[in-house]
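Participant: TrEMBL lists Cys9, Cys37, Cys40, Cys46 with the feature [4Fe-4S] cluster binding site. According to TrEMBL, the feature domain '4Fe-4S Wbl-type' maps to 8-70.
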Amino acid sequence: MDWRHRAACRDVDPEIFFPIGNSGPALLQIEEAKQVCRSCSVMSSCLKWALEAGQDAGVWGGMSEDERRLLKRGGRLRTATAV
């Protein structure tokens, strides 16, 4: 069975994963999408697919477009830590 059949986002409106822009309301939408990803058992498979397929748009595997772009360039990601 393909990882997509087990994805937590399978029954979620796909629009939340494709915000327009990367500031203001789009930041809230990106965070909402990431919350779905954090509950997903196939998050790493999703991210791997997005990176290998060159998927530049949207949130995939818990990462935004900017985060994946930075990862591809070999940069370091800033991660927020819960206090």
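In case you wondered, yes, glycine gets a Cβ from its N, Cα and C as well.
Unlike curated entries, TrEMBL annotations are predicted automatically.
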Participant: Check the binding-site residues Cys9, Cys37, Cys40, Cys46 for other C-beta atoms within 10 angstroms of each C-beta and report the one with the most.
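Facilitator: Sorting the candidates by Cβ neighbours within 10 Å, the top entry is Cys46.
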Participant: Under a three-state reading of DSSP, tell me whether Cys46 ([4Fe-4S] cluster binding site) is helix, strand or coil.
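Facilitator: DSSP assigns Cys46 ([4Fe-4S] cluster binding site) to helix.
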